[in-house]
């Protein structure tokens, strides 16, 4: 009897230990997610914003190089900005990169939007504008930069779309789902895993003797035949 009670207590203590381990693991996962939520922005979203910044800086660098190659920055700025010509100027491609940067940083860094509508607008505007400009304008007759700037802008815009749609939004949705699952598991934890059993919590009465001497005498008298 004592051995059965001891094994029962041991099994309950084992279950309690497993419950404590699981609750610790769940609490760690919740604290980790809450710590990430306390940040201004998630890691994957920060990477996306850095790439958007790279998009603007890279297009700006290519445009400055194009200004230098074609006769000096000051003279070319006058021709491409002050005397803007849609058919020959690269200034609108630079403005297109500024538009992408402003719209995406405002939507996904400042407002922390969790939808693809902003990137869809910027990519559609970029794609449509570049296709029309390449067909209508005379950029292809202006050397290597007539090919390079439109192609680079087009590729960068679609890479941003791919990053947001296949990396940022799915990963953030998965993190939120895991957080809610861990929180629900922690709420159910007291019902699934009782705490460890303390000594003296259960009382097992001492094992009684099989038959006392008085009971044996009574049975013996009853079994005698009546004369």
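Backbone N, Cα and C define each Cβ position, glycine as well.
Note: TrEMBL annotation is automatic and uncurated.
Among the ranges 4-25, 26-47, 48-69, the stretch that TrEMBL annotates as transmembrane segment is 48-69. TrEMBL lists transmembrane segment for one of the ranges 142-159, 160-177, namely 142-159.
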